[in-house]
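According to TrEMBL, the features are:
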{"type": "DOMAIN", "residues": "32-98", "note": "domain 'HMA'"}
{"type": "DOMAIN", "residues": "106-172", "note": "domain 'HMA'"}
{"type": "TRANSMEM", "residues": "191-212", "note": "transmembrane segment"}
{"type": "TRANSMEM", "residues": "224-249", "note": "transmembrane segment"}
{"type": "TRANSMEM", "residues": "270-292", "note": "transmembrane segment"}
Amino acid sequence: DEDIKNAIEDAGFEAEILPEPSNGGTKPRGVLVGQFTIGGMTCAACVNSVEGILRDLPGVSRAVVALATSLGEVEYDPTVISKDDIVNAIEDAGFEASLVQSSEQDKIILGVAGVFNELDVQLIEGILSSLKGVRQFRFDRSSGELEVLFDPEVVSSRSLVDGIEGGSKGKFKLHVMNPYARMTTKDEETLIMFQLFTSSLFLSIPVFLIRVVCPHIPLLDAFLLWRCGPFLMGDWLKWALVSVVQFVIGKRFYVAAGRALRNGSTNMDVLVALGTSASYFYSVGALLYGAITGFWSPTYFETSSMLITFVLLGKYLECLAKGKTSDAIKKLVELAPATALLVVKDNGGNIIGEREVDALLIQPGDILKVLPGAKLPADGVVVWGSSYVNESMVTGESVPVSKEVDSPVIGGTINLHGALHIKATKIGSEAVLSQIIGLVETAQMSKAPIQKFADFVS
């Protein structure tokens with residue numbers, strides 16, 4: 001710093017060394033950023049609860065949680081707390097959690113094809129145990145996914161994949177699981193909510209009809225007024241139907257409410273559990289009291305079942321909204337090609353062939369061949385060839401852009417005419433497409449002051 005200052009002053013100008021700003025937007029040295037999926041959140045109160053739990057953890061400097069995407073972003077010091085500790089803290093609070101990705105590229109999730117029996121699993125474990133830089137690994141037989149923790153200073157992700165495929169002599173075929181693609185799958189949750197809603201509606205409609213419509217139909221009214229034991233047949237039917245809705249279909253509300261109360265907070269599930277339980281148990285008490293004393297009070301079973309039905313409808317619509325919210329990220333993810341053509345050179349720099357590699361395994365400095373009509377697999381510069389590239393999906397510019405040698409190119413754009421050789425310069429989080437995805441996520445996680453106040457009030 002002093003040498004630079006002296007050189008400027010020797011040139012006849014004035015100079016002073018400015019202190020580095022403490023909060024200029026850059027993260028402190030040694031701080032990592034991890035993204036976690038968080039399941040089980042139902043409202044803003046759950047978000048506040050999870051954020052409070054994360055911020056109280058030692059080593060965590062910032063934590064932001066988004067209900068719409070079920071995502072949490074945490075800045076933490078890896079020397080104080082690990083990713084597993086963060087996941088365990090979230091799960092101890094009663095929520096579901098898993099790591100999506102971290103700024104420390106030391107984890108990779110691979111889909112493995114070619115594993116048919118226990119011998120194949122043992123072969124994979126043996127290969128991984130012999131590879132340098134592999135810290136830990138876990139293979140899930142049901143999903144066919146291999147999770148590997150490795151030392152990025154010892155082995156790269158591509159060398160890891162090549163080592164496994166080479167060690168098996170081509171028996172196993174591996175592909176990298178895109179963390180964003182894994183994160184944006186919400187179809188299963190939406191389907192479950194739709195099934196719960198339709199089941200509750202199917203059982204609640206007869207309860208409503210028994211209360212409102214059947215008294216006006218003499219034959220049905222006579223059947224419902226038929227005394228069977230201590231109660232009328234209509235009371236037996238309503239009690240049975242609503243009990244299924246309350247304790248089978250509505251079980252999730254009791255579980256979530258208990259989880260919230262254990263954490264010392266209240267949320268929408270607590271309100272639903274209290275409201276439905278009040279009407280249900282009052283109605284049961286009224287029936288039993290009438291059977292004992294002969295004084296019959298009105299029951300409100302239909303209130304409990306219809307409330308659960310409407311809440312489940314809201315949950316289903318919320319899942320649909322979450323799916324729409326994640327569509328922006330999903331469409332951005334789909335812009336990037338799945339594979340790339342890697343130009344292979346000998347020690348003298350002569351091209352000796354090409355090989356297809358997973359686009360997520362591209363490394364800076366790789367020479368990639370892009371055929372006409374194909375998507376550019378990474379950000380970089382043109383080192384050979386000329387063409388026109390359609391960059392509208394990234395920049396919005398509809399006119400194709402001419403690309404010559406030394407022209408910069410953006411990953412995810414489409415090569416229109418001639419073949420190109422590009423040199424990859426930016427990958428992973430440094431790529432333009434990844435930065436756009438990051439901006440979308442940041443926009444979804446950020447909260448306006450009035451929204452923060454509303455969350456606090458709720």
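From the backbone N, Cα and C atoms, a Cβ is placed for every residue, glycine too.
Because TrEMBL annotations are produced automatically, they should be read as predictions rather than curated entries.
Away from its own ends, the transmembrane segment (270-292) comes close to residues 230-231, 235, 238-239, 242, 246, 250, 253-254, 257, 260-261, 298-301, 303-304, 307-308, 311 of its chain (Cβ-Cβ under 8 Å, at least six residues beyond either end). Counting same-chain residues at least six beyond the ends of the transmembrane segment (224-249), those with a Cβ under 8 angstroms from any Cβ of the stretch are 196, 199-200, 203-204, 206-207, 210-211, 214-215, 276-277, 280, 283-284, 287, 291, 299, 301-302, 304-305, 308-309, 312. On the 0 to 100 pLDDT scale, the model's mean across the domain 'HMA' (32-98) is 84.
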